[in-house]
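Record features (TrEMBL):
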TRANSMEM  24-50  transmembrane segment
TRANSMEM  62-82  transmembrane segment
TRANSMEM  113-131  transmembrane segment
TRANSMEM  137-157  transmembrane segment
TRANSMEM  178-206  transmembrane segment
TRANSMEM  212-230  transmembrane segment
TRANSMEM  242-259  transmembrane segment
TRANSMEM  279-296  transmembrane segment
Amino acid sequence: MWYNLRVRMILLGGSYSMHVSQTLIFALIQGITELFPISSVGHGVLLPYLLHWPNVQANPAFLPYLVLLHVGTAVALLIYFFRDWLTFLVALFAKDSKSSVVAKRQRIARKEFILLVVGTIPAVIIGGLGAKKFASLFATPRIAMIFLIVNGIILILGDRLLKRKGNRNMDDLNFKEILIIGVLESLALIPGFSRSAMTMIGGLMYGLRYEAAARLSFLLATPVILGAAVKELPKLHNNHTMLAMGLLGGVVAGIAAYASTWFLMRYFKTHEIKALRPFGYYCVGLGGLVLIYSFFV
């Protein structure tokens, strides 16, 4: 049967056999948790721990598979926000329209694109300097669950501390604000912290509407996820087995990511108050339960 097929990776001088079913489950969880504000890296540490799989994320042999999961997620985001990215490109290279309405849209698109570039800088710098160090330092189940609980508390308190509904859009942000949001995004290097949680909280802190904060979060994540994946793509050669499994996982992760984005954009459009609390309660509950469990096994 297909679920008995295995992929063998050389790990720490030995080997680890990975079921196709495991690769698909991992891809599905990755695609969902990358966009939901519940930490994909934290769940990546948690899943092997609870299901008694070796935690192989930081191992070079697992890299081709993980890279292609990120490619799948990034492609899903590019497809979902295709019109936004196309609008940015057209506005950058097109002449100003004589129509005041169109010219205003062009100015907004240009500013939003520049904001995304500026907001990506902290993640590029911090990620480039310390991504592997963060992953190896904090990638244990207990530590990841502690940070997942902290992530949940931030979501809950962030919702509670908002005194009024935001009314700003992405183009209303200034460069200082987007830089701070970019720094917050970099916290996602720590397993347990969520990229979308941190960027959404940052956006809400500066008065964005929930829908606008979600849009900013997903647009900001796209170049970061894609860039990290492209950086590692040259390492995929001569690993045809993991490449094949990675392509399958990438498709699954991409479909899950697209469905997650579709759901979340509609969710935040219709929930402008207390929208992050359910995710916060989930993080605190799951992190607490697993943390307690870890002391008895």
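Placed from the backbone N, Cα and C atoms, the Cβ positions cover glycine too.
Against the transmembrane segment (24-50), stretch 178-206 shows more Cβ pairs under 8 Å than any other of 62-82, 137-157, 178-206, 242-259, 279-296. In this chain, the transmembrane segment (178-206) lies close to the transmembrane segment (113-131): three or more C-beta pairs between them fall below 8 angstroms, excluding pairs fewer than 6 positions apart. Comparison of 62-82, 113-131, 242-259, 279-296 by number of C-beta pairs under 8 angstroms to the transmembrane segment (137-157) places 279-296 first. Looking at 62-82, 113-131, 279-296, the range that has the most CB pairs within less than 8 A of the transmembrane segment (242-259) turns out to be 62-82. Beyond its flanks by at least six residues, the transmembrane segment (279-296) meets 36-39, 46, 49-50, 141-142, 145-146, 148-149, 151-156, 159, 192, 194, 197 of its own chain at Cβ-Cβ distances under 8 Å.
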